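Below you'll find the structure, written out as structure tokens, and then a few comments.
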Amino acid sequence: MSSSTVTLSETDKKLTQFRNCRVLRNHQLVQDDVWVRNGKIIDPEKVFFDEKLQADVQIDCHGCIVAPGFIDLQINGGYGVDFSFDVESVEEGVLKVAKGLLAHGVTSFCPTLVTSPPETYHSVLPRIPRTPGGQHGATVLGCHVEGPFINTNKKGAHPPECIKEFDQGIATVREVYGSMDNVQIITLAPEKAGATEVIQELSNSGITVSVGHSMANLSDGEVAVRHGARLITHLFNAMLPFHHRDPGLVGLLTTDNIPQDALVYFGIISDGVHTHPAALRIAYKTHPAGLILVTDAISAMGLAEGRHRIGQMEIEIRAGRAYVAGTNTLCGSIAPMDECIRFFKKASDCSIEYALEAASLHPARCIGIEKRKGTLDYGADADFVLLDDHLNVQSTWIAGELIHGGDTYAADWDIR
């Protein structure tokens with residue numbers, strides 16, 4: 001920190017100008033400044049002309065890229081924490097992951113629970129509330145419950161004995177999960193009996209319905225979208241492979257048999273393991289507007305090789321990959337978000353702007369928070385990340401406060 005006695009919390013109350021940077025706005029990197037006050041991105045023209053004020057604090061960004069903070073919609077844990085398994089200490093676990101994610105530019109996330117017994121949902125879901133980000137860690141946007149209403153034939157690493165049917169429709173869903181106040185996303189198999197009505201009910205209640213871990217054909221997927229589903233869980237993984245006569249859920253990327261205003265998003269794991277670079281390129285070139293980078297990270301992210309837990313199952317890290325112990329079944333990624341972004345940029349040859357928006361604007365749009373997250377538009381939350389030209393994270397900021405890194409900027413703060 002500089003010799004000044006100003007604290008980070010004080011800068012949040014003042015007018016702060018980030019200069020000497022390239023800002024990601026309107027899908028372009030532009031030479032511009034970022035102005036922050038009270039935790040929000042503000043329009044400097046109104047400050048100059050209406051309030052006739054100058055910045056209280058100026059921060060030299062050394063030519064860095066300033067991009068919206070990354071948003072991870074599917075993350076099972078990390079740093080030794082498993083949201084589905086560490087039931088008794090889940091609050092501490094969420095905090096540990098929320099803090100760890102900051103080093104990778106993630107400012108918001110959806111803690112994800114894999115298929116589990118009802119008592120796990122009843123215990124865990126009420127204890128992971130939506131929480132604003134800050135010095136303690138990234139924002140919790142709500143939980144992503146992946147299962148248990150999935151297809152046993154595409155269970156992946158999910159325990160088959162915990163998989164459920166929609167026996168009594170939405171009543172069964174409420175019985176299994178308990179309170180859904182803290183749920184943001186639910187992954188389910190749309191071909192299950194009773195799924196259509198459940199999808200409609202969940203969508204009407206503001207929950208984002210995702211289709212995945214599924215044997216669904218294209219028609220099943222289209223019916224789900226017409227009833228409110230808007231997301232595909234980890235495209236290509238745990239679903240029927242593409243076939244030219246029935247492309248399955250993959251076909252939702254190009255179907256014309258859904259409402260014109262129904263933009264289908266899809267999560268994709270760009271860790272160099274789960275999805276071949278050629279498949280990444282197919283998805284990107286086919287439906288770029290819907291692509292969302294997710295980590296699907298498990299408890300072993302950030303840990304050494306060996307055996308760890310994911311939900312109810314034991315997993316094993318071998319040669320940088322995560323498997324169900326004793327098998328060759330992949331069960332999640334151990335690559336953090338910034339690494340996924342860099343891999344995707346290289347594999348797809350997309351623009352820097354697109355790669356960054358696939359981890360920020362796209363997930364924000366998918367869950368309907370794009371006015372305040374995933375953007376640097378005026379009025380949005382001042383959650384952003386500074387990166388070098390190779391997309392390495394230099395510092396992470398939430399509500400205009402320096403939360404991780406950035407020691408080099410302290411000496412360049414101009415305090416007025």
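Backbone N, Cα and C define each Cβ position, glycine as well.
According to TrEMBL, the features are:
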ACT_SITE  D296  active site, proton donor/acceptor
BINDING   E146, H213, H234  Zn(2+) binding site
BINDING   A157, N237, A238, R245, H274, L330, C331, G332  substrate binding site
DOMAIN    65-402  domain 'Amidohydrolase-related'
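With N237 (substrate binding site) as the anchor, the candidate recorded positions are E146, H213, D296, and the one with the nearest CA is H213. Look at the binding-site residues H213, H234, R245, H274 and count other Cβ atoms within 10 Å of each Cβ; R245 has the fewest. When the CA atoms are compared, the binding-site residues lying within 10 A of H274 (substrate binding site) are H234, out of the candidates E146, H213, H234. G332 (substrate binding site) and E146 (Zn(2+) binding site) are 13 Å apart (CA-CA, integer value). Residues A157, N237, A238, R245, H274, L330, C331, G332 are the ones the record ties to substrate, and the longest Cα gap between any two of them is 30 Å.
All protein chains considered, the CB of L330 (substrate binding site) has 20 other CB atoms within 10 Å.
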